[in-house]
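One structure is given here, and the rest of the page talks about it.
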């Protein structure tokens, strides 16, 4: 069994990419479980055609303990037999959502939820912002990390940060970076830019997903593109990505770069203006722009 995780900047399309890719993998006969590691509990809605499934933490809070929760109450079967679980999280402003991930994964392991699977896919909230959200990496649960990004500055910044998290636990836990998945935002020279970032991070751009309105049309119906419009070009893009992940053996220890190197890359591709141009635009000298 392979355990993989999808990380990336909040709002980049991780859950959509994860579920559509898993649908493609299931089409190819893979036995898969999605574990949603996000308090929003939206990691399985396209597979189950529902708003949000009941989470492990919600049921544990209702019952008083996670030991009082039954596996079949939180593991639901979705599109093409994909098993779906949501870890959930506490009420806003109370407690640690990262603890929900830890509790849920331990519960699943202890109750034999991972038996007879080819893949477990963790869909993890946003950046590596705290130890709890890094838990699938830190505890050696996820062995392959796929970073969903785009040619936008903050998406690339997040990708570099996530690479730092992978590097931190690469030697102790054996986790590796499987590649970058570019979920296009139609940024100029986006493919070249992500390929350049991938090279600097000692990885590759595994796949470029073009922007297509059919993704939103499918989501409005709580379906993956592969189920909603199986013959469209976008469905084939997700199938291609699914095959690449299944066949991927090129797993590497990343080499994250400094903020200065990242900014220089963005300047080189015209995403950011250099200090001279910014100084000219705001009527200051480069010296005045320098950090104190």
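For all residues, glycine too, the Cβ spot is worked out from N, Cα and C.
DSSP gives residue 8 (ATP binding site) a strand state. Residue 8 (ATP binding site) counts 28 other C-beta atoms within 10 Å of its own C-beta, drawing on all protein chains shown. Annotation source Swiss-Prot lists ATP binding site at 8, 9, 10, 11, 12, 13, 14, 15.
What Swiss-Prot records for 96, 130 is [4Fe-4S] cluster binding site.
Look at Swiss-Prot and you will find 99 tagged as ADP-ribosylarginine, backed by sequence analysis.
The Cβ of residue 12 (ATP binding site) lies under 8 Å from the Cβ of 148, 149, 150, 155, 158, 183, each of which sits 6+ residues away along the same chain. Its Cβ taken as reference, residue 9 (ATP binding site) is surrounded by 22 other Cβ atoms within 10 Å in the chains shown. Shown in sequence order, 36, 38, 42, 43, 46, 123 are the residues of the chain, 6+ apart in sequence, with a C-beta less than 8 angstroms from the C-beta of residue 15 (ATP binding site).
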